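K.L.:
I am attaching a structure below and will ask some questions about it afterwards.
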Amino acid sequence: MGLFNYFVARADAEVVEEEHAPPPPPPPPKKSSRKPTLESLSADELEELKNEVVSEVVDKIAGEDGTKLADFLEPELITAPYDPRFPNRNQARHCFVRFNEYYKCLYERGEEHPRCQFYQKAYQSLCPSEWVESWQELREKGLWTGKY
């Protein structure tokens, strides 16, 4: 009987605590499942949204701390490395060979292959743009002397 009184007294204390406890906070208002359109926003809200989007884009380009910004503004200039097949100062033949190697690589491996990207950077850094444009025109017309 003593144990019974213990449990009854404990249950009564819990009921009293529940009666004096503050009511739970009301649930937050339900948000509309529809997103607001640009037309429904006020001018201030639209300006705030625009600033938020611009800051996100700047953070993606420049990085959170601005470290990527230097790379974006001043890209690293890389030229073709030394090739013992072309030891002379006149690099015209080197340029021509790299151009052909690029298109050969495209044919054999595809545009995304790192070696093809290397050849492309090499001929772009070595060859005058007028030469490349005329060679591209010859390739388009089917008059290019190369196999690829």
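Every residue number used here counts from 1 along the chain in the order it is shown.
Using the three backbone atoms N, Cα and C, a Cβ is placed for every residue, glycine included.
Note: TrEMBL annotation is automatic and uncurated.
Feature table excerpt (TrEMBL):
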- Cys95-Cys127: disulfide bond (DISULFID)
- Cys105-Cys116: disulfide bond (DISULFID)
K.L.:
Cα-Cα separation of Cys95 (disulfide bond) and Cys105 (disulfide bond), in Å?
P.N.:
15
K.L.:
Using the alpha carbons only, what distance in Å do you get between Cys116 (disulfide bond) and Cys127 (disulfide bond) once rounded?
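P.N.:
One finds 16 Å between the Cα atoms of these residues.
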K.L.:
Among all protein chains shown, how many Cβ atoms are found within 10 Å of the Cβ of Cys116 (disulfide bond), not counting that one?
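P.N.:
So the number of other Cβ atoms within 10 Å of Cys116 (disulfide bond) is 20.
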